[in-house]
Amino acid sequence: MAVGQAKAAMGKISSAIGERSKRISGAMNEPRRKRKILLVIVCIAMLLDNMLYMVIVPIIPNYLETIRTYKLVYITTPSNGTNGSLLNSTQRAVLERNPNANEDIQIGVLFASKAILQLLSNPFTGTFIDRVGYDIPLLIGLTIMFFSTITFAFGESYAILFAARSLQGLGSAFADTSGIAMIADKYTEESERTQALGIALAFISFGSLVAPPFGGVLYQFAGKWVPFLVLSFVCLLDGILLLMVVTPFASRTRVNTLQGTPIYKLMIDPYIAVVAGALTTCNIPLAFLEPTISNWMKKTMNASEWQMGITWLPAFFPHILGVYITVKLAAKYPNYQWLYGAVGLVIIGASSCTIPACRNFEELIIPLCALCFGIALVDTALLPTLAFLVDIRYVSVYGSVYAIADISYSVAYALGPIMAGQIVHDLGFVQLNLGMGLVNILYAPGLLFLRNVCQMKPSLSERNILLEEGPKGLYDTIIMEERKEAKEPHGTSSGNHSVHAVLSDQEGYSE
């Protein structure tokens, strides 16, 4: 009797849980709600990637000093015989400071390894994303980042830390590119797309700026492995949430997917090249200042450890303000995205030039805040422009174009940790900042080249020029039919029939 009641109760609970799961699944698969959840997943992935990138800033220098700057040497101690001769000798091992361990070079290479591998991987990951979609690469990226973070937590040698850092670069090439491309794909209306990309940029900024104090506090009070385990746990949860929303390895119902434009064609597009150059240029000051500003603060203003630790934290708020202002302006005046980017470059240039003039911590906060405000203007204005350019000039598949954007960022962050210290040593901190500021100001007029982009419409003549090969898929076949239709004097009905015939043929072929 009791067993039967227990079974009945378990059956009711199981059916209730199943019904609840169906409701949750149905609610999550509602199109507008689903894209919001996907935006949250992408933002968490961006947050994790940038936190992992910056969390090692207060941890690695101190940790490397303990594991790399000492070497094991053996000292031979002679023992005298009774007649004064050396009969025996004993050896003992001691730790001696290693004069050949160049910590600055080691740290610079470790920091740059992530961006270098990301830079090398992006051409391939962009093409892969164009072929398979956005969800599988995002899941691959989160998986690689999870294992990279775990390796960081328990790695105890420079070689293992270097491998973990490089592995993170590969994960970022998948996760960052597919995440941004997914946002561009889900949010097709320009104002919504700009807003969604702005939210993602806010999470990127928050991750970069909050990670150093987060890592420093946990490292000091809980040990090296704790901050990395926290990040790996969040990464695991983000991957599980992604699997709940999408089914990346389920059988694909869409047989005829659009074929993305090869990345080499996008790279030689003059408009995309101008945008990519602006993204690299605006991030150079940040990438070159991060490894050099702490030493300069210590020498110039005798800054304390906590001041050097929170140098970039106040800049988070003007960065968010810059994102918000650009989103609002883009919604009201969408034709001036190029102008917002140009203003941002000028602000970055002026801020970079004024940093060496600061003589105390309070003064330094002002140009750093202005610098991040300008970066927010450039990024928020130009990232949606890349998707718009692909929409009007190519096929609306965004993996390769955002791989180019990721390459632009990676160039700056690959060169910064390696070159910045040497430039400061050879030329000086003042000359470094003046050079970076001048480059940004001189690049700003180049964005005038983009002033007519928003008036562009997809045109058959432009497609004729850009599409050099014959039709390879449904989209290009229809485009070819439309071209023929445009050439015929009374081709409206026949053109429509031809397109329908193409659709019928494609459907019959897929069956």
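Placed from the backbone N, Cα and C atoms, the Cβ positions cover glycine too.
With respect to the membrane, K36 and A387 are recorded by Swiss-Prot on the same side. Taking N83, N496 one by one, Swiss-Prot attaches N-linked glycosylation site to N83. The Cβ of N302 (N-linked glycosylation site) has 10 other Cβ atoms within 10 Å, all protein chains considered. The transmembrane segment (226-246) is in contact with the transmembrane segment (136-156), judged by 3+ CB-CB distances under 8 Å for residue pairs 6 or more apart in sequence. If you count C-beta pairs under 8 angstroms between the transmembrane segment (109-129) and each of 136-156, 198-218, 364-384, 401-421, the highest count goes to 401-421.
Residue counts for the topological domain 'Lumenal, vesicle' (359-363) under DSSP (helix as H, G, I; strand as E, B; rest coil) come to 3 helix, 0 strand, 2 coil.
Across the topological domain 'Cytoplasmic' (328-337), DSSP assigns 9 helix, 0 strand, 1 coil. Here the listed stretches are 37-57, 166-186, 198-218, 307-327, 401-421, and the one with the most C-beta pairs under 8 angstroms to the transmembrane segment (268-288) is 401-421.
Proximity of distant same-chain residues to the topological domain 'Lumenal, vesicle' (289-306), defined by a Cβ-Cβ separation under 8 Å and at least 6 residues beyond the stretch ends, is recorded for 57, 107-108, 111, 312, 355, 358-361, 364, 416-417, 420-421, 424, 429, 432-433.
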